[in-house]
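Accompanying notes for the structure given below.
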Amino acid sequence: MSQIHKHPIPAAIAERCLITPEQYDAKYQQSVHDPDAFWGEQGKILDWITPYQTVKNTSFAPGNVSIKWYEDGTLNLAANCLDRHLSERGDQTAIIWEGDDATQSKHISYRELHRDVCRFANTLTSLGIKKGDVVAIYMPMVPEAAVAMLACARIGAVHSVIFGGFSPEAVAGRIIDSSARLVITADEGVRAGRAIPLKKNVDDALKNPGVTSVEHVVVFKRTGGNIEWHEGRDLWWSELVKKASAHHQPVEMNAEDPLFILYTSGSTGKPKGVLHTTGGYLVYAATTFLYAFDYHPGDIYWCTADVGWVTGHSYLLYGPLACGATTLMFEGVPNWPSANRMAQVVDKHKVNILYTAPTAIRALMAEGDKAIDGTDRSSLRILGSVGEPINPEAWEWYWKKIGNEKCPVIDTWWQTETGGFMITPLPGATELKAGSATRPFFGVQPALVDNEGNPQQGATEGNLVITDSWPGQARTLFGDHERFEQTYFSTFKNMYFSGDGARRDEDGYYWITGRVDDVLNVSGHRLGTAEIESALVSHPKIAEAAVVGIPHSIKGQAIYAYVTLNHGEEPSAELYSEVRNWVRKEIGPLATPDVLHWTDSLPKTRSGKIMRRILRKIAAGDTSNLGDTSTLADPGVVEKLLEEKQSIAMPS
């Protein structure tokens, strides 16, 4: 595999890069052999109120998982992203906002963003929100979403951003779990010309009898669409900030004070509230942003991720703003109203660094040269990829067509739980191979282990684990440290288990092969099969369901659901639509099954365990080697499923 074509470091990048190959080797060695010295130095990327003396205090030991970085230091995240830049670059653009409608865009300077954040911080305080309170944010991709997040950080409130594509039920579940006191939303969102009923979804979520903590809903007017109004509970954003002062003293936070909760899908049941704290997280977001994108002052940077995902937190907002960068926030989608929209935005705003997802790249690739019609993209210097492994064909297309064969593709592997990049090329230090995330970032110690946890040496394949902590690591799951230990540290002792498989080639480059647990990656978004199965089984006509992922040319994985109906119920076209809409309503559009496979029974072991391995193979049409079926209670089930599969229309 190491013989695959390598893309050399372009001369234009090598001339002015922040990290050379020699520097990478030296810094990496220092970072793993003396993390205190290395991260002690890197911590200076931020301004501290009380400087830290202790750098690393971490343990992955069973029953004693504890992660603390810079624990005696104090700082404020918003002050690091805004206040400290005012004297030197107050008039520089902090956020470029590009609307869904291309005629709408605006530039917000660091001074203006600081003013807006101070006003909203005072607004939050006037509503009784204080340090440690949880604020739920369910917003479209508008600058006010960033203002809300930064204002929470400024006063020490913990934000829980909920992706605008989630259903009222999913919103309610996240509010209940976090006991959020306030919800910040908009009347509607806008995406690909369609209105998204955000306020209505919040209203529906708050009707859930389990929601008892919410006192107010702050509503930003995005479209002016008709909405229900609950007097006393609902408050207009514009009216609140009008009354608020533009002066606000940021609250001094300990490095280990909670910053945000972000819910992510797990392999079992309900979503997990991943908790990140202030100091280590921001050091890590800023250093990874700086080095992985080879950021130079004046660069225009565009990360296409929604603020509702961790990529939006770390690499649309906090990493870039901590470094004083200009970050572009895009309300729309890359191929609307035409296939070349993404390329048009690059040209319009002279974007130098573009960070997007393989799903978007594959969708554009399917359009061929229409994706770049009438554009030259000559401003681009660095390309990035995030969300799932990128297949070599899509990588090469992205490099060739979008980047004009001159921009390194920074293929980043990381997770909600890692806070920032774990395995990634550095533009001036890494020769690239299409489809490989290449080598670990500073301080990251990956290993590949077999199913018993034995480390595998050299070129090999295995479960991807990390053997020591890094500053951006999640500290716990909100309100459930036991589940945190169980999920990430119990499979392999004294190691963080990512849930991903990977292989390492002869050059030490890592290739991520995908999830090894029951988690799907659909369009770069994680969905737990258990979550989708629970939604299916809650339908009154469904007895049992098993969900697997199948390869999909655009989305990476599509959702294939095996469904057993209750006795006396018959499959029909109406029920097919009803069940798909049911899941959409329970979780959100992302989780809608692409295929429903009606069946009378599922392959189970004698102990009643569903054999998902077999279901995955049948769904993918890979029937050459179904493996050992002798443990099945009824081996005949497999034949029947294969027969039924013949008549099922598959998504392209």
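Every residue gets a Cβ built from N, Cα and C, even glycine.
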Of ARG439, ARG483, ARG515, residue recorded by Swiss-Prot at the ATP site of GLY387, GLU388, PRO389, ASP411, THR412, TRP413, TRP414, GLN415, THR416, ASP500, ARG526: ARG515
THR416 (ATP binding site) versus GLY193 (CoA binding site) - Cα distance in angstrom: 29
Three-state secondary structure, ARG515 (ATP binding site) (per DSSP): strand
From recorded positions PRO389, THR412, THR416, LYS609, the one whose Cα lies nearest THR311 (CoA binding site): THR416
Alpha-carbon spacing, ARG194 (CoA binding site) to GLY387 (ATP binding site), which is rounded to whole Å: 25
Fewest Cβ neighbours within 10 Å, where candidates are the binding-site residues ARG194, HIS539: ARG194
ARG191 (CoA binding site) in three-state DSSP notation: strand
Integer Å distance between the CA atoms belonging to SER523 (CoA binding site) and THR412 (ATP binding site): 16
Under 8 Å by Cβ from ILE542 (Mg(2+) binding site), same chain, sequence gap 6 or more: LEU536, VAL563, THR564, LEU565, ASN566, VAL579
